[in-house]
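A.B. asks: According to TrEMBL:
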TRANSMEM  13-30  transmembrane segment
TRANSMEM  37-55  transmembrane segment
TRANSMEM  67-92  transmembrane segment
TRANSMEM  127-147  transmembrane segment
TRANSMEM  195-219  transmembrane segment
TRANSMEM  225-248  transmembrane segment
TRANSMEM  255-273  transmembrane segment
TRANSMEM  293-317  transmembrane segment
Amino acid sequence: MNTDKTSMDNYPLPARILLYSTAVVILTIGMREISGILVPVFFSIFAFLIFAPLVNWFERRNVPGTISIGLVIAFFIIIATSTVLLVAGSLLQLSEQIPDYQTQFLNFIQSFEPYMPVSYESSFEEILRDIAIFLLGLTAGILTGALNAGTTISLIIITTTFLLLDAAGALRRIQRRAVTQQILILRVIELGKEIVNYILIRTEINLIAGIGTTILLLIGRIDFAILWGFLTFLFGYIPFLGFILAAFPPVLLALFKYGPLGALIILAGVWLINEFVESVVFPSFAGKSLKLSTSIVFLSLLYWSFVLGPPGALIAVPLTMVVKMILESDDNTLWMAEIMESGESKE
C-alpha cells in the first residue's frame, strides 16, 4: 500500500493534475449517461439519512422495527402525496387561467405603444407577443414538469423503504469489520450526521421563507400564493439561483395585475424576506456547519446541474460534502479537500 502512494507521489504535479482531471471527466460523462438512475438513488440515500433517526426514535420507545419503518414510510408518503396534490391542483387552475394572463400581458404591452415611433409599433408588438407566449409557456412547462416527478417520487419511496429495512443488518455486519475499516465507517457516519444536520436546518429556513412569502403574496392578492410559497421553499435548496427562480412567477403576475410599481413592491418584499432568512436566520441556525467555500458551492451548483439536470441543483451541496469527505480520506487528495473549505472552517 505504501509503495502505491510512493509511486503516485513520484509523478510530477502536472502529471498528477492531468490524471485527476481525466478521471473527473470520465466519471462526469459516466454519471451524466446514467443520471436517470442516479437521481432517485441519491434522493433515496438522503431520505434514508433523514428518516433513519426517526426510526431509531420509535425503536427506543419499544416500537418494533418493522412497525417503526412502516410509520416513517407512511409519514413520507403523506408528505409526498400532499405535495403532489397541491402542485397538481394549482397546475390545473393555472392552465385554465393562462389565456387570461396572456390577455393581461398583451394589454400591458399595448400600454407602451403611445411611446413608440409609428414605424416600430407593429414590429414591437409582434416581438412582445412572442415573448409573452414564450414566458407563459415556459412557466407552465416548468410547473407541468413537476407533475412528471410522480414516478420518480414513487421509486424514491420504495428504495428508501428497502434501505431502512436493511439498515439494522448492515450495522451488525459493520461491527464485525476490522478496526481500520471501522475508522472509515465512523467517518462516513459522521458525514451522514453533518448532511442530515444541514438538510434539516436548510428545511427549517426554507419553511420560514416559504411561509413568509405566502403571507406576503396573500396580502398582495397574488394568484396561487400557496404554490409560489411552496416553490420558494423548494427552490431554497438551490444556492444563489433559487431565490430568482422562485420570485419570477409571482413578480410576473404582479406585473400583469398592478403594473411595474406593484411588481417592484412584490419583488422588494420577497427579496427582503429572503435576505432576512439567509443573512440573519440561517447563520444563527447553521453556525459553521457548512464547511465549504462560497465559490465551491457555486461551482458545485453548475457541475451537478450539468451532470444530473435540474434535480442536481437541489442536492448540489450535500453531494459536494460527500465528495469532500472522499478527498479527505486519502493523503494524495487531502489538499483538494482543504481548498474546498471555507476560510471560517480553517480557523
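Each residue, glycine too, has its Cβ placed from N, Cα and C.
Keep in mind that TrEMBL annotations are predicted by a computer and have not been checked by a curator.
Where in this structure would I find these features, and how exposed are they?
C.D. replies: Remote same-chain partners of the transmembrane segment (13-30), defined as residues 6 or more beyond its termini with a Cβ less than 8 Å from a stretch Cβ, comprise 303, 306-307, 332-333, 336.
Cβ atoms under 8 Å from those of the transmembrane segment (195-219) belong to residues 46, 49-50, 53, 225-226, 228-230, 232-234, 236-237, 246, 250, 266, 269-270, 273-274, 277-278, 281-282, 285-286, 289-290, 317-318, 321-322 of the same chain, restricted to positions at least 6 beyond its ends.
Within its own chain, the transmembrane segment (255-273) has Cβ neighbours under 8 Å at 101, 104-105, 108, 209, 212-213, 216-217, 220-222, 232, 243, 246-247, counting only residues six or more beyond its boundaries.
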A.B. asks: Give the nonlocal contacts of the transmembrane segment (293-317) in its own chain as ranges (CB under 8 Å, at least six residues past its ends).
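C.D. replies: Residues 28, 31-32, 35, 38-39, 42-43, 46, 198, 202, 234, 237-242, 339-343 contact the transmembrane segment (293-317) from elsewhere in the chain.
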